[in-house]
Amino acid sequence: MEEVTRSVLAEEILKRLDLENLCSVACVSTTLRSAVVSGVLPSLTSLDLSVFSPDDETLNHVLRGCIGLSSLTLNCLRLNAASVRGVLGPHLRELHLLRCSLLSSTVLTYIGTLCPNLRVLTLEMADLDSPDVFQSNLTQMLNGCPYLESLQLNIRGILVDATAFQSVRFSLPETLKALRLQPLLESEAILLMNRFKVTGTYLSQPDYNSALLSPSPSFTLQSLSLVLDLISDRLIIAITGSLPQLVKLDLEDRPEKEPFPDNDLTYTGLQALGFCQQLTSLSLVRTCYNRKISFKRINDMGIFLLSEACKGLESVRLGGFPKVSDAGFASLLHSCRNLKKFEVRGAFLLSDLAFHDVTGSSCSLQEVRLSTCPLITSEAVKKLGLCGNLEVLDLGSCKSISDSCLNSVSALRKLTSLNLAGADVTDSGMLALGKSDVPITQLSLRGCRRVSDRGISYLLNNEGTISKTLSTLDLGHMPGISDRAIHTITHCCKALTELSIRSCFHVTDSSIESLATWERQAEGGSKQLRKLNVHNCVSLTTGALRWLSKPSFAGLHWLGMGQTRFAGRKETVTAMICGQRPWLTLCFDGCELGCSDGWEFHTPQRH
């Protein structure tokens, strides 16, 4: 060590490591700690702390030496306004504040005052303020950030007031190239489009007649993403008429009731998308939880018109089109010759026939996601198995998928993500995957009721590569999974960082002990678990707490423990575990890994 100069150590070795490994290195010796603090941290220009939720003290320790940052990403789940304010400054060009469950919109005024040079801003906030207060703070922020090129504002909650962005159109900087807003009323979105108007007339009245606004040729928005109460023809026509230069359009709506026939999306709106001749990415999704509301006025003819109007699409995402059949979806696959990403949700008429000639039309496919498409069977997957560039294959809730297609999947040498949730696969199918060289890093077998402990052994205890590459594994809701499967995982998976075994009723304390022992004995290239979900594992006892305490699970960032015996002693468990690990997030609320779907409902007492 003495022979290696400090500069060589910093420049040639330490600066090549990510933050996680830098922290590990700094714990080895005072020499290495000094090299990290003085030689590496001051030179960092970008820092991403989204993988765990630091408290105030941890954040201060991490950022103390980072004096050259221009890009910062924070998981703000447990941070207050004062902590966030302390990291802001004119040096920042890019700022991402995620999961701000404790922050009111006052933080917007801090950003506008302290970060005048921002180019990129992302904010995920809970609904904590009245619309008037939020609008006032938002206006102040936008006026203080005149150079923004990308802006993402997501407000989440049960009853979010969709008028929160009512005045945003008056303050948006003309430098903006990418915009995402959630939530937004359709009527407000149309007024916003009028603000972006470049030439010609715009449509703001039901009869589509209105006066001209003064043109604003300086707006060059290329990416637009909106979560709305309604997607309609009026909205699409307003968007395409005002932003013909759009490259990416992402629209999702969540209507409370069935739209009126004259105020819904029809062929007219889909055909109008052709005015955006540079459009390469399109997402149209209708999401209605517990309600049967969909795009009922769109059938194959509407998709025919879309495929003819937008032949340059490289990414297509459609959800809530139950009347579109194979002919409609196949027209997209055949017309869009450069299609790389194809996602369809809830298409009840989509079957294997749509993919009959997929290699002859869309051989460039890299991602295919077919979620809740009940007519899709293994035959479609066999056809997709001929797409040699496929990297992501999502067949979640396609219940007719069986073992017969897994040999085809095993031939996909670039596949890194595979979702078989709810499929009718068995232990024999796991043997096919386990013997293959497919480099899968993310695998979901959730709800695969015919896969047992033996199947997990076939998957991971063979000569294939998956045991070496797998980093995320979901075995939730699988009645055939017990401690034996977990023991196999700890023995074979050296790269695993995320594991979900929620609602696995036969998993006991022995599994927690096995995972803890594996963590403590990890050597060489073995990684540590970062996220573990044992929600509703009813066979776990409070005796497993001893294995969740130090020194076990040293790298754990998130632990889901809802509906277990731990939940009955929430305060004691939180004090015992989080007292030793202030950066660890405990979730008793049934969230998926990392609370990606429910952070806005958490309170400080839960962390």
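Heads up, the Cβ atoms here are built off N, Cα and C, so glycines get one too.
Features of the protein shown, as given by Swiss-Prot:
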DOMAIN    9-47  domain 'F-box'
REPEAT    51-76  repeat 'LRR 1'
REPEAT    77-99  repeat 'LRR 2'
REPEAT    100-125  repeat 'LRR 3'
REPEAT    321-346  repeat 'LRR 8'
REPEAT    347-372  repeat 'LRR 9'
REPEAT    373-397  repeat 'LRR 10'
REPEAT    398-422  repeat 'LRR 11'
REPEAT    424-447  repeat 'LRR 12'
REPEAT    448-477  repeat 'LRR 13'
REPEAT    478-503  repeat 'LRR 14'
REPEAT    504-536  repeat 'LRR 15'
REPEAT    537-563  repeat 'LRR 16'
Tally of residues which DSSP labels helix, strand or coil - the repeat 'LRR 10' (373-397): 7 helix, 4 strand, 14 coil
Non-local residues, at least 6 beyond the ends, that sit with Cβ under 8 Å of the repeat 'LRR 2' (77-99): 46, 50, 53-56, 59-60, 63, 68-71, 106-107, 110-111, 114-124, 585, 595, 599-600, 602, 604, 607
Remote residues contacting the repeat 'LRR 12' (424-447) - C-beta distance under 8 A, at least 6 residues beyond either end: 396, 399-403, 406-407, 409-418, 454-456, 458-467, 469-478, 495, 500
Tally of DSSP helical, extended and coil residues in the repeat 'LRR 16' (537-563): 7 helix, 3 strand, 17 coil
Helix, strand and coil counts within the repeat 'LRR 3' (100-125) (DSSP): 9 helix, 7 strand, 10 coil
Surrounding residues of the repeat 'LRR 14' (478-503) on its own chain - C-beta under 8 Å, 6+ positions past either end: 441, 445-453, 455-457, 460-461, 467-472, 510-511, 514-515, 517-518, 524-537, 560, 592-593
Number of helical, extended and coil residues in the repeat 'LRR 9' (347-372), per DSSP: 8 helix, 6 strand, 12 coil
